[in-house]
Amino acid sequence: MSAEPQASRVRVAPDSDVELARSKKPRLASDTTAEKVQDYTSPQTRPKSELQSKKSKRKSKNKKFALPEACSPEDVLWHEIKSVLGPSVVGKAIEEGVEYESPFSFHEEVEVVVKSLSPSGDAVAVAVEERFSSTPWAIIVPLALPGEVVRVKVYRNARMHSVADLVTVVTPNLDLRDDSRVQCRYFGRCAGCQYQMLSYDSQLTFKRDVIIKAYKNFSGLPESSVPTILPTIGSPLQYGYRTKITPHFEAAPKSLLRKKQAEKTDKDEVTEQPDWLKIGFNIVGKRQVLDIEECPIATPVINQALTSERANIIRKAYTYKRGVSLILRDSLDPTISLPPETVSSDSSQVETYLSEALDKHVCITSHTAKIRENVGGFLFEYPASSFFQNNNSVLIPLTEYVKEAIFPSGSEKHRPTHLVDTYCGSGLFAITLSPYFETISGIELSTDSIRSAQHNVSLNKSLRAIPAFNNLVLSPSATVSTLPTVSEPNISFRSGTASDIFSSVSSFPRHETVIVIDPPRKGCDEEFIRQVVKFRPAVLVYVSCNVHTQARDIGMLLKMVDEVENNDSGDGELKEKRGRYALESLRGFDLFPQTGHVESVAVLRLV
């Protein structure tokens with residue numbers, strides 16, 4: 001472990017081109033302009049007339065600031081700030097109308113001590129110097145760790161907090177920080193990763209803490225109703241795992257582009273990368289692009305393709321009239337026909353053909369091309385522009401966990417026979433769980449995703465009829481499930497909205513039905529939750545990419561159920577008593593190692 005943090009491994013705040021912490025609004029590029037629009041600088045920098053009238057204007061000023069939407073990144077950060085400063089302290093500041101009165105001026109440098117990590121991975125700190133102790137205020141800074149003393153440069157003041165650049169680590173937390181772990185030369189400048197200096201065990205611990213705080217702050221549930229959060233399931237790959245990246249670049253400045261066109265050199269091949277051309281990802285906190293030649297968290301196939309994609313863009317640098325967002329997705333080779341157009345009687349030839357189809361990876365760079373992935377012996381095909389999880393290595397542990405949650409070993413309870421996969425996408429859960437249910441219905445708003453799911457059912461049915469395919473995907477070392485399987489499950493998919501999402505499954509026996517919920521980041525709306533409560537299946541599995549909206553939704557669901565069971569609901573449709581849910585388990589899954597992001601699986605069972 002290095003005794004000193006390596007300054008080159010963390011971004012040093014420049015004097016004139018300051019950057020914004022991750023997940024915050026980008027600052028203006030010009031420092032001069034930024035100072036002009038700065039609403040809340042320190043009292044020392046304000047004109048006397050402004051200080052005299054600040055109390056009378058305080059209320060009107062505060063009206064200009066809209067409070068964050070519930071469960072938004074800003075709202076999540078606000079809860080973290082209240083936790084660090086203390087709810088009573090924050091409440092007093094709001095009551096006095098001084099929650100926007102920052103003690104820090106624009107670009108002021110200050111030493112702070114880190115108190116916690118926010119769910120985004122940014123540190124929440126407070127000033128060390130005694131002169132700031134009379135004004136409770138948080139400072140948000142990237143790349144710092146709990147217990148560290150760091151020097152920062154403030155560039156934005158907001159409600160009860162300032163956002164700052166990390167200048168240097170004064171006192172590192174050597175129990176956590178080891179900069180020799182960093183495997184990316186862009187770490188600290190690229191906005192993609194936050195945790196490369198941490199051990200993987202520490203990353204998983206911090207991600208578990210995110211789930212704990214989410215349920216404390218957003219579920220509205222009593223502590224007794226929330227089970228102990230289980231340890232986070234790690235990704236089998238911590239680097240080289242990401243199967244999709246979307247680097248981007250801006251077109252040449254218009255004046256330069258016009259000059260090239262006038263000289264008729266805009267179509268000439270460029271031999272060297274122009275200084276203005278940056279192909280990559282956003283700099284931390286800025287809408288400016290950092291030039292990236294490789295991404296260590298992306299798969300090797302993607303990094304190989306990135307080199308050639310960059311070369312092509314450089315050659316055609318002056319032909320682009322506007323910025324472009326690229327797509328690079330790791331895929332099994334979709335040009336290999338599956339199922340085979342003809343099945344040879346020679347089983348060895350068939351196995352060789354299928355082996356190549358399951359092993360050969362290519363990088364797809366067209367938004368409209370087909371992607372093919374293998375998840376535990378099930379193949380999924382979908383358009384490159386569609387959503388699919390970007391870490392294939394963790395999908396087997398995830399789908400296996402969901403299966404074990406539905407069918408716990410040693411359970412004597414009646415086995416469910418029906419599955420409803422809501423927000424089903426291309427059919428990930430419906431298809432991987434299909435051997436264990438008699439009837440499955442996938443429901444999805446996107447008609448394109450429905451078509452992909454229907455195709456994937458047909459594709460896997462055809463492949464499973466080929467003995468050589470089963471020999472390849474069911475290796476002797478694979479864990480064999482002891483659950484009895486269904487040879488011909490009835491699987492259907494339909495497009496549905498929140499208002500009628502369960503109309504197609506109203507005939508399903510609710511005591512034998514499982515619902516899997518896997519919504520986008522915004523979570524579920526109230527009407528969807530209401531329909532779940534009305535249907536009341538035996539088991540609910542909520543898979544979430546946003547643990548804060550998951551906590552909110554589960555709290556809402558359990559509250560609705562309690563109202564029905566207590567006869568407090570005024571909604572006639574929800575009057576029938578059907579039993580309460582127990583929140584049986586909560587567990588995080590790390591789909592994005594080296595980042596602050598965590599996904600969560602909640603299991604609820606009717607009791």
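Note that Cβ sites are derived from N, Cα and C of the backbone, with glycine treated the same way.
Copied over from TrEMBL, here are the features:
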- 1-66: region 'Disordered' (REGION)
- 54-64: compositional bias 'Basic residues' (COMPBIAS)
- Gln389, Tyr423, Glu444, Asp518: S-adenosyl-L-methionine binding site (BINDING)
- Cys545: active site, nucleophile (ACT_SITE)
Checklist line | From Tyr423, Glu444, Asp518: binding-site residues whose CA lies within 10 A of Cys545 (active site, nucleophile) | finding: Asp518
Item checked: Under 8 Å by Cβ from Gln389 (S-adenosyl-L-methionine binding site), same chain, sequence gap 6 or more -> Leu395, Leu398, Leu428, Leu591
Note to self: I want the residues beyond Gln389, Tyr423, Glu444, Asp518 whose C-beta is within 8 angstroms of the mean position of the S-adenosyl-L-methionine site's C-beta atoms, in chain order.
What the structure shows: Phe387, Asp421, Thr422, Cys424, Gly425, Leu428, Phe429, Pro519, Pro520, Val543
Notebook entry, point to check: Can you count the other CB atoms that lie within 10 A of the CB of Cys545 (active site, nucleophile)?
Noted result: 20
Check: Which site among Glu444, Asp518 has the most other CB atoms no more than 10 Å from its CB, taking these as binding-site residues?
Finding: Glu444
Notebook entry, point to check: Do any residues at least six apart in sequence from Tyr423 (S-adenosyl-L-methionine binding site), in the same chain, have a Cβ closer than 8 Å to its Cβ, and if so which, in order?
Noted result: Ile443, Glu444, Leu445, Ile517, Asp518, Pro519, Pro520
Item checked: Whole-number Å value of the largest CA-CA distance among Gln389, Tyr423, Glu444, Asp518, listed as S-adenosyl-L-methionine-binding -> 16
